[in-house]
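Visitor: Pasting a structure here, questions to come.
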């Protein structure tokens with residue numbers, strides 16, 4: 001039987017060394033994770049393990065950030081499944097990353113190697129090996145978590161039985177790399193960055209991280225939604241139309257973005273933000289596999305794809321490309337929402353339907369009835 005963490009509690013697991021795709025070595029890696037539900041293994045070696053992949057600034061506590069979808073009787077039913085979510089390699093919520101201790105006793109900082117999505121998945125595979133899990137019923141995730149899910153399907157089809165890929169593309173586009181590189185530049189131009197070695201200085205590059213979050217958050221939401229919510233309204237008690245520009249006299253949307261920035265700065269590490277954003281820039285399912293379409297066609301496990309109709313970060317046509325070229329497409333679903341990219345996190349009713357459909361399609365004999373499935377191919 002696997003050695004699993006107590007239910008719902010943060011735990012860590014040593015997984016040994018990781019050799020990155022680019023050739024760097026990360027010794028003695030730790031992966032943090034949460035687990036819900038009891039592990040079951042069938043006579044044929046299949047299991048009830050569901051692996052959830054979090055997005056860029058997420059963490060392993062999926063029952064918190066996907067609270068409407070993970071739990072007893074919910075779409076990701078912890079009465080039926082053993083649900084596991086890890087904190088990604090390079091993160092800052094328990095897994096080894098730039099803010100972790102280096103073997104020499106200092107911080108990794110700028111010495112932490114560049115990683116890509118495949119390195120993240122390799123670390124998760126070593127994590128599963130370390131705790132004694134050899135088969136996974138399903139892996140699923142959105143955005144950066146969707147990129148990892150897609151790589152799981154390509155790298156380890158003998159381990160994963162099915163996958164649900166949400167709100168992501170087969171590779172980073174020039175548009176995405178440009179947006180994400182601007183965020184990295186905002187952090188690296190903060191005078192507290194110190195080339196990534198700020199951990200012992202007592203000063204974090206908070207302004208740079210906040211600026212990066214403002215840029216990113218606009219791509220996570222829908223243009224019409226933002227305009228309908230804020231328009232050209234001033235923030236209450238402030239006047240952005242005065243005779244001189246003053247930073248403390250803001251439009252309402254500026255105040256909203258300030259709030260989003262402040263929240264992230266309090267909970268996330270700038271070094272991890274740079275590391276993980278760079279990993280997203282490197283995302284390319286076709287690299288070394290004969291190109292995008294050939295790589296997608298070679299994926300043999302059943303894959304469900306879902307996207308958001310108003311997503312400006314990972315536009316819906318990118319999920320259509322996935323669906324047209326995957327070797328074993330299970331289904332295609334569209335999330336209809338003014339919210340944009342974040343809809344896979346916020347549109348709980350639609351996501352509930354999509355995920356219940358996913359599990360009913362891969363487990364037709366289980367007590368997990370489907371409502372209906374939509375195909376947009």
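Using N, Cα and C of the backbone, Cβ positions are placed for all residues, glycine too.
Straight out of Swiss-Prot:
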type	residues	note
DOMAIN	48-347	domain 'AB hydrolase-1'
ACT_SITE	143	active site, nucleophile
BINDING	213, 342	substrate binding site
ACT_SITE	311	active site
ACT_SITE	341	active site
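Just tell me what is around each of these and how deep it sits.
Guide: Model confidence over the domain 'AB hydrolase-1' (48-347) stands at 98, taken as the mean pLDDT rounded to a whole number.
Around the Cβ of residue 143 (active site, nucleophile), 25 further Cβ atoms fall within 10 Å across all displayed protein chains. Residue 143 (active site, nucleophile) carries neither a helix nor a strand DSSP state and counts as coil.
Taken residue by residue with DSSP, residue 342 (substrate binding site) is part of neither helix nor strand, so it is coil.
According to its DSSP assignment, residue 311 (active site) is coil.
Around the Cβ of residue 341 (active site), 28 further Cβ atoms fall within 10 Å across all displayed protein chains.
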Visitor: How far is it from residue 341 (active site) to residue 311 (active site), counting Cα to Cα, in Å?
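Guide: It is 4 Å, counting Cα to Cα.
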Visitor: Go through the recorded positions 143, 213, 342 and tell me which ones have a CA within 10 A of the CA of residue 311 (active site).
Guide: 342
Visitor: Return the residues near residue 213 (substrate binding site), defined as same-chain residues 6+ apart in sequence whose C-beta is under 8 angstroms from its C-beta, sorted by sequence, else 'none'.
Guide: 183, 257, 260, 261, 264, 265
Visitor: Including all protein chains displayed, how many Cβ atoms other than that of residue 311 (active site) lie within 10 Å of its Cβ?
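Guide: That number is 27.
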